[in-house]
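*Asks:* As annotated in TrEMBL:
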type	residues	note
DOMAIN	48-160	domain '3-dehydroquinate synthase N-terminal'
DOMAIN	162-301	domain '3-dehydroquinate synthase C-terminal'
Amino acid sequence: DPQQLELATSGKRKLRRFIVIDEVVDELYGSKVREYFEENNVQHKILALPTTEETKSMDLVLNILQEVQNFSIDRRTEPIIAIGGGVCLDIVGLAASLYRRRTPYIRVPTTLLSYVDASVGAKNGVNFLQCKNKLGGYTPPVASFLDRSFIQSIPRRHISNGLGEILKMALMKHKGLFDLLKSHGKYLLDTKFQSYSGSANHGDAALQTTRIAIETMLEELAPNLWEDDLDRLVDFGHLISPELEMRVLPSLMHGEAVNIDMAFMTYVAHVRGLITAEEKEQIIQCMRGLELPVWHGGCSWPLIKRALMERLKHSGGQPRMPLPTGLGVAEIFNDTSEETLERAYKLWVRD
């Protein structure tokens with residue numbers, strides 16, 4: 001907006017920004033963030049918070065809003081900035097959407113998972129009554145700033161965790177992405193998704209992988225941003241995982257729980273005759289190569305049944321089960337019998 005630009009550069013009014021940053025990210029990058037705002041003569045308030053699945057609640061949202069109110073922002077021209085992983089982006093998105101009915105916000109993802117998942121789309125939310133993201137809304141950010149250099153400081157397990165969501169998009173929509181993960185998975189883990197000039201054998205696997213993952217995610221989300229259509233391929237890995245993740249907190253990270261769900265559903269697809277034994281094995285081996293868990297003791301048969309019952313409640317009485325029908329192709333099914341699910345479960349546990 002030329003008018004806003006004029007106002008900002010004329011010196012008539014000092015730029016002001018309210019920033020919420022995850023406390024771990026603050027320890028690593030907080031001084032650089034402060035330096036940036038100081039050098040650009042921006043009046044700022046930085047709120048460092050513990051943003052984890054356990055603290056992802058309305059209490060934290062209200063805490064943020066109290067600070068926003070104290071700082072007193074202009075809701076049209078002063079977007080709230082969220083710097084952190086997916087939980088941080090979700091909480092701040094909800095806080096911004098509630099403040100004066102809708103205040104603009106900017107997402108700056110700092111983990112691989114948030115880079116390819118939480119940075120894309122309109123959803124935000126918090127956990128409620130031991131249920132994942134039970135409270136939330138659809139308010140897209142005004143921008144997402146993507147910088148892979150943040151990823152170099154996160155632990156290897158967190159990178160593996162993000163690879164779970166990338167693999168989801170590969171299995172549902174993109175055979176080329178699946179092949180990239182199969183061939184370069186270990187390299188991506190070792191190099192923490194950084195691009196090096198000496199990585200000729202790998203092309204720029206980090207750039208290609210993240211770009212394709214985000215593009216395929218956008219292809220799925222953009223036409224259905226408000227989830228008017230409940231048949232969503234991006235729900236692969238998200239039928240059982242919400243129940244499992246909340247049940248075993250904090251032992252499983254989000255992408256790990258999603259991968260366990262995907263591993264089980266891969267067996268369901270195989271038992272249904274949608275994929276061959278060889279394709280099933282390729283998928284499971286790729287998961288192992290990405291250092292993702294393919295099974296968890298907490299994922300019991302009663303938990304699976306309970307999770308699928310919960311799914312029916314929230315998806316118009318249909319399971320709407322996305323399943324691979326090959327490598328990189330998928331469909332949504334509503335006719336998987338309990339007998340098929342139980343056979344798949346027994347085979348999965350045996351393996």
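Residue numbering: from 1, along the chain as shown.
Positions of Cβ are set from backbone N, Cα and C atoms, glycine also.
Whatever TrEMBL says is automated annotation, not expert-curated.
On this model, are these features tucked inside or out on the surface, and what's nearby?
*Replies:* Here the domain '3-dehydroquinate synthase C-terminal' (162-301) has, by DSSP, the following mix of helix, strand and coil residues: 95 helix, 0 strand, 45 coil.
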*Asks:* Give the mean pLDDT for the domain '3-dehydroquinate synthase N-terminal' (48-160) on the 0 to 100 scale.
*Replies:* 95
